[in-house]
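Data first, discussion second: the structure below is written as structure tokens.
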Amino acid sequence: MVATTASANVSGLTGRDAASRLRADGPNTVAPPPRRHLVTRIAHQLTDPLVVLLIAAAAVTSVLGDYPDTAVILLVVVVNTVIGVSQEVRADAAVTALDRMTAPTARVVRDGRHLVIPAADVVRDDLVHLEPGDVVPADLRLREAHRFQVDEAALTGESVPVAQEAGADVYAGTVVVTGRAAGTVVRTGPASALGRIAQLVATTRPGPTPLQRRLAGLSRTLGITALVLSAVVFAIGVASGRAAIDMAITAVSLVVAAVPESLPAVVTLALALGARRMAGARAIPRRLHAVETLGSVTVVASDKTGTLTEGRMAVQQAVAAHGVTYRVRGSGYSPAGELFDAADHPVAAPPALRDLARAVLLCNDATLTPPDGENPQWTAVGDPMEAALVAFAGRCGLDPEAERAAWTRVAEVPFDQDTRRMTTVHRRPDGGYLLVCKGAPESVLAAPLVERTPSGMLSNAYRMAAAGLRVLAVATAESDAAPDLRTVNDLRPAGLVAVGDPLRAQAPGIATAFDDAGIHLVLITGDHPATAAAIGSQLGIWRGGDGVVRGDEGGVTAYGVGDRRVFARIQPEQKLDIIAALQERGHVVAMTGDGVNDAPALRRADIGVAMGGGTEVARQAADLVLVDDNLATVGAAVAEGRRIYDNIRRFLRYALAGGTAEILVMLAGPFLGLAVPLLPAQILWINLLTHGLPGVALGAEPAEPGTMRRPPRSPQESVLGAGLLRSVLLAGSLLAAVVLAAAVGASALDLPWQSVAFVVLGLGQLGIALAVRAPRRAGGGRNHALTAAVAVSALMQLAGVLVPPLRDLLGTEYLSANDLAACAAVATLPGLAVWLAERASGPRNSIPATGSATRMGPAGGVIE
Ligand code: ATP
């Protein structure tokens, strides 16, 4: 049978077999979210309450034989539906594209080659390799397993690592915690126990974002307000003797025109397109809500290794048992290098240093690979720090492979983040046993493990940590009989090694840029407080005298956290407490993580940030995935989030000011001798021109200058807050006043005043669209779509009085070129006023250029 041959084969399936199985069995996914059919989408648009009102109005006008009004109303319905559906489709396409970019992957062997493929393409009998942090992609039978443990929380709800041997079954959705394994797929897709990974893989689309929900609430309030005010217009009209049915249709048109019904579509599209732009900038948002939340992030809590540092580790200093310090030089992971004594003279490694080097080489799981055709450098498999220790052993004159073969490992206690140490036992080449323990100095050099540590060694450890190095202490014991690993004591200190990992060159700049944007960069590390403080000070986020929060001394609390920005000796689970403490202090927290144990923290943070190079679990738990593992990219994503929020407010300012003006004109007109200021068809025509193209184009405005020089907005602030409502009412009133004045003036001059009101109101709104656009940045491009949209809409507006068939449709009258020029001149006034007010108030929410207003205050406490 094909299945057995294939599963027995270490070169995996052939690509052709895999493809035919994929066709036969279907993709390895839970049922994908159903695609919304076009008809459903259209039906959804047509059942919107406002559209229902319009359709009813169209029915009434056609019964009354008022065909021009029917035509305009139906045109509005069609255009609204087309815009709504097309925005929805574009938004969905953008979100689907993002989903694809962060879809889970699996490591398989096909045609004898190791490949990373989308987990959805895994088929029966595929040979899958598993490493820590992988999410098991399908139900597998293990063919080999080395110290392999999986967390079956997704299966059992209990988060305890379970050891699995070759021959055992592991299930889709469980997470590899340690070790490695290879297995053959037995079941995929719905046939596997896959339903349970649904929540991990998150193929289901999440509900509306908080902003979308708030805006839906706002739309309702606006709808009710517009309804009430239109009822007043209706009453005034009927009281002054106009036909009730005419006034009813006028009132309906007014409600439709005053409510920005395209708001939800504009917001969804702005978020989705923003998400796509972020992805282009190498930060892939996995949920739409991340796009808006990013704009209000106040704390970025970052890992140290690999995120702020380059993750290129190298042993820089070593202190041997006899207390002498040596400096080590070399390049990358190459085992070649030089040693220098305290006086900086090159030396050969003395026996005490060789013993230390052998100890860290044996108590170590990393291996080095020499350069080859593909790779011009030495490369490492395993933990980068342990790889650095192997290179160090080489630089001390040892041959790593020969040593490991001569000193076979017979027992071990793997590295544990709780105890911060690792222990191994080796058979000595000359008989007897050697026990090696390496780890954090305070856990290796303390009783009962080690009885007496020379005080010089402790001060050396502190000195090297304070230079920003990660310090490991090593202790050993020799015995004739195999030692019992449960009761290890009486070890002798064998020395210290200090590992350096250079700070990324851009890291201090990132910290400053975040400070300018009112965002606090916070450093979280498992390293010693002195190392953490040294790195913090290189980053510019820590000064002598500032406190360091220690995870190994009691719990992390909001009080303890205070304004401190450096966290040391933190274990992954404590990141949850840090997030809680920061949130309690009112912060919106973005937290980075890439390890197996980081997933809960990534979920708990307001924005979980995973590195593209991190583990699958971390990626799947995160809201934002950084493709380039570069923290600066978070800054770019925050800028994009802020820009989108600004643009949504721009749209609101423009659309609501127009709606306010329309209602005010209709309310006040009758009192100024303008019985019916605008006919229903005219109101709807203006609605069509203003809400359609210019509204959508506003969403594409570029970022304002200084976007990253102001503090984040408070997440509690209303979307109409910070003066937006006032400015809407002012601009709306001003526009209404200008329209009414123009109409009154025209009527005095015996001109067709209603058409004047129609032209001034339409052009005036377009003027406001231009006024609220983002101030231009030096060298920044313009949003030409907006200019074009405004130009097209303005021409259509003029066509409404110039083109005879449109005149019949809209009930307008001819206006001469001079009259139109006068209308256009008057219509620029409200926009001009908004523009001037905008410039006079300067960049919004600006903060002092130094950013000092938002820097964290001095924190108490000094590290010991
Ligand atoms: P960062 O992200 O800043 O590198 P981390 O949270 O990953 O820190 P851990 O890997 O938990 O840090 O390391 C914490 C401490 O445990 C280290 O400072 C070191 O003293 C010790 N340690 C780390 N790795 C090993 C290892 N392989 N063997 C022995 N001790 C180790």
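Glycine is treated like the rest: Cβ placed from N, Cα and C.
Remember, TrEMBL labels are computer predictions, not curated facts.
The domain 'Cation-transporting P-type ATPase N-terminal' annotation in TrEMBL covers 2-66.
Under 8 Å from some Cβ of the transmembrane segment (222-245) lie the Cβ atoms of residues 49-50, 60, 64, 251-252, 254-255, 258-260, 656, 659, 663, 666-667, 670, 675-676, all in the same chain and six or more residues away from its ends. What TrEMBL lists as transmembrane segment is 222-245 (among others).
Residues or ranges marked as transmembrane segment by TrEMBL: 251-273 (among others).
Residues annotated as transmembrane segment in TrEMBL: 651-676 (among others).
TrEMBL lists 682-703 (among others) with the feature transmembrane segment.
The transmembrane segment annotation in TrEMBL covers 724-745 (among others).
Here TrEMBL flags 751-772 (among others) as transmembrane segment.
According to TrEMBL, the feature transmembrane segment maps to 784-803 (among others).
Positions annotated as transmembrane segment by TrEMBL: 815-837 (among others). Using a Cβ-Cβ cut-off under 8 Å and counting only residues 6 or more beyond its ends in the same chain, the transmembrane segment (815-837) has close neighbours at 657, 661, 727, 730-731, 734-735, 738, 741-742, 746, 751-752, 755-756, 759-760, 762-764, 766-772, 798, 801-802.
Between the transmembrane segment (724-745) and the transmembrane segment (751-772) there are 3 or more Cβ pairs closer than 8 Å, counting only residues 6 or more apart in sequence, so the two stretches are in contact. As a quick check, the transmembrane segment (784-803) and the transmembrane segment (251-273) miss the bar of 3 or more Cβ pairs under 8 A, pairs 6 or more apart, so the two do not touch. Within the chain, the transmembrane segment (751-772) has long-range Cβ neighbours (under 8 A, six or more residues past its boundaries) at 650, 653-654, 657-658, 661-662, 665, 669, 674, 676-679, 682, 685-686, 689-690, 694, 698, 731, 735, 738-740, 742-744, 786-787, 790, 793-794, 797-798, 800-801, 810-815, 819-820, 823-824, 826-832, 834-835, 838. Non-local neighbours of the transmembrane segment (651-676) in the same chain are 222, 226, 229-230, 232-233, 236-237, 240, 242, 250, 254, 257-260, 262-263, 266, 683, 686, 690-691, 694-695, 698-699, 719-720, 724, 727-729, 731-733, 735-736, 739-740, 743-744, 747, 753-754, 757, 761, 764-765, 768-769, 772, 830, 834; each lies 6+ residues outside the stretch with a CB under 8 Å from one of its CB atoms. If you look at the transmembrane segment (251-273), the same-chain residues 6 or more away from its ends with a CB under 8 A from one of its CBs are 48, 50-51, 53-54, 56-57, 73, 76, 80, 83-84, 87-88, 90-92, 94-95, 209, 211-212, 215-216, 218-219, 222-223, 226-227, 229-231, 233-234, 288, 291-292, 644, 647-648, 651-652, 655-656, 659-660, 662-663, 666, 680-681, 683-684, 686-687, 691-692, 695-696, 698-700.
Counting same-chain residues at least six beyond the ends of the transmembrane segment (682-703), those with a Cβ under 8 angstroms from any Cβ of the stretch are 72-73, 75-76, 79, 83, 87, 250, 253-254, 256-257, 260-262, 266, 269-270, 273, 639-640, 642-644, 646-648, 650-651, 654-655, 658, 662, 666, 754, 758, 761-762, 765-766, 769, 772-774, 777, 780-783, 785-786, 788-790, 792-793, 796-797, 800, 810-812. Note on the domain 'Cation-transporting P-type ATPase N-terminal' (2-66): DSSP counts are 42 helix, 1 strand, 22 coil.
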